[in-house]
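A.B. asks: Structure below; questions to follow.
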Amino acid sequence: ACAMDWQVLTRELSLYLESQVRVGLFGSGVGLSLVLGFGVAYACYYLSSIAKKPQLVASNDRFYRFLEEYCPVVTETYYPTIWCWEGRVQTLLRPFITSRPQVQYRNELIKTADGGQISLDWFDNSDSLYYPDASTRPTVLLLPGLTGTSKESYILHMIHQSETLGYRCVVFNNRGIAGEDLLTPRTYCAANTEDLEAVIHHVHSLHPTAPFMAAGVSMGGMLLLNYLGKTGRDTPLMAAAIFSAGWNVFESVESLEKPLNWLLFNYYLTTCLQSSISRHRQMLEKLFDMDLVMKARTVREFDKQFTSVMFGYRTIDDYYEDASPCRKLKSVGIPVLCLNSVDDVFSPGHAIPVETAKQNANVALVLTSCGGHIGFLEGIWPRKCTYMDRVFKQFVQAMFEHGNNIFSM
């Protein structure tokens with residue numbers, strides 16, 4: 001009886017509230033006008049200030065026209081998710097919103113000259129209909145972010161995009177980050193390219209006749225840019241794609257140390273770095289005061305106590321100067337497309353080297369007004385493809401299938 005009375009009371013209360021809302025608001029037209037007015041105002045603001053065409057910076061007219069024709073997404077209006085366009089929000093929500101495509105990897109451990117080992121995760125795409133011959137199947141080397149591995153959702157989406165095009169992928173996991181043991185007291189950093197050079201040489205030696213590209217995300221993009229700036233044209237890579245790279249490390253850490261950014265990102269990222277090395281504590285204690293390293297509360301403190309010391313830098317400023325890709329952009333010798341959002345707190349818009357990029361005919365920058373750090377969410381419910389994914393797919397396909405046209409346009 002009590003249950004029946006409760007159901008009746010609930011139903012009557014619901015009907016009463018509905019009638020009050022209908023009569024008190026929409027019945028008078030005031031509420032409906034407010035809702036419609038707000039909706040129209042928000043739509044106007046979104047279309048005028050949020051949804052914009054990206055800025056495409058390319059001093060080489062042939063490269064510019066090549067991108068317009070074969071990678072049109074970089075010249076089209078980017079419509080960020082209408083309820084989630086602010087940079088910090090996009091950055092925070094992307095890992096939770098985007099799907100995680102299923103990928104079956106084949107793992108390979110390769111030895112390094114100093115006695116260490118690197119874990120590579122291969123997606124061979126053996127069922128490729130477009131490229132059934134493995135010896136000539138295009139290969140994409142993928143470099144995840146600072147503490148990322150082949151399991152990151154953005155890496156899985158890149159592989160899914162590559163799979164539909166018939167390409168092979170291999171993910172370069174930094175030392176000690178993907179479950180493998182550290183054989184020497186050394187991990188990785190954005191400035192030291194030795195491991196990446198070893199991986200590129202290894203992959204190319206396995207498939208010397210296959211077209212070969214690379215794509216780096218966040219710190220992976222910084223590492224790839226530093227490698228390209230060091231090697232110039234002397235690389236087996238035919239082109240590269242860079243996403244959300246931190247161009248100037250000094251500016252990046254300063255941005256991340258602002259109170260809100262420290263609370264949302266810096267402290268968490270620092271704990272991730274500490275977690276990534278805690279499993280190797282016994283090996284690393286041979287050279288480092290691990291108690292001091294584990295007390296770090298910012299990325300700068302971690303780099304001062306651990307990263308810069310590991311790689312022999314006199315000061316942390318020396319390390320940050322060497323790790324900043326903006327210093328090496330002039331020396332890049334192959335076509336490179338770099339996507340950044342100007343509201344990325346990890347890579348502030350004012351630190352993006354637009355003028356330097358204009359001095360290198362091999363470099364194109366794509367700058368969106370929104371997107372955050374590895375965000376670039378679009379659509380009402382952005383579960384699957386992001387704007388970044390579309391840029392990756394179109395550019396990789398353009399280079400593999402029409403790359404020679406850059407020099408003939």
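Including glycine, each Cβ sits where the backbone N, Cα and C put it.
When I checked TrEMBL for this same protein, it listed these features:
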| type | residues | note |
| --- | --- | --- |
| TRANSMEM | 23-47 | transmembrane segment |
| DOMAIN | 138-379 | domain 'AB hydrolase-1' |
| ACT_SITE | Ser218 | active site, charge relay system |
| ACT_SITE | Asp344 | active site, charge relay system |
| ACT_SITE | His373 | active site, charge relay system |
A.B. asks: Express the distance between the Cα positions of Asp344 (active site, charge relay system) and His373 (active site, charge relay system) as a whole number of Å.
C.D. replies: 5
A.B. asks: I'd like the number of other C-beta atoms within 10 A of the C-beta of His373 (active site, charge relay system), please.
C.D. replies: 25
A.B. asks: Give the distance between the Cα atoms of Ser218 (active site, charge relay system) and His373 (active site, charge relay system), rounded to the nearest whole Å.
C.D. replies: 8
A.B. asks: Neighbour count, 10 Å Cβ-Cβ cut-off, for Ser218 (active site, charge relay system): what number do you get?
C.D. replies: 26
A.B. asks: Count the other Cβ atoms sitting within 10 Å of the Cβ of Asp344 (active site, charge relay system), across every protein chain shown.
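C.D. replies: The answer is 28.
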A.B. asks: Can you work out the mean pLDDT of the predicted model over the domain 'AB hydrolase-1' (138-379)?
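C.D. replies: Across the domain 'AB hydrolase-1' (138-379), the average pLDDT comes out at 97.
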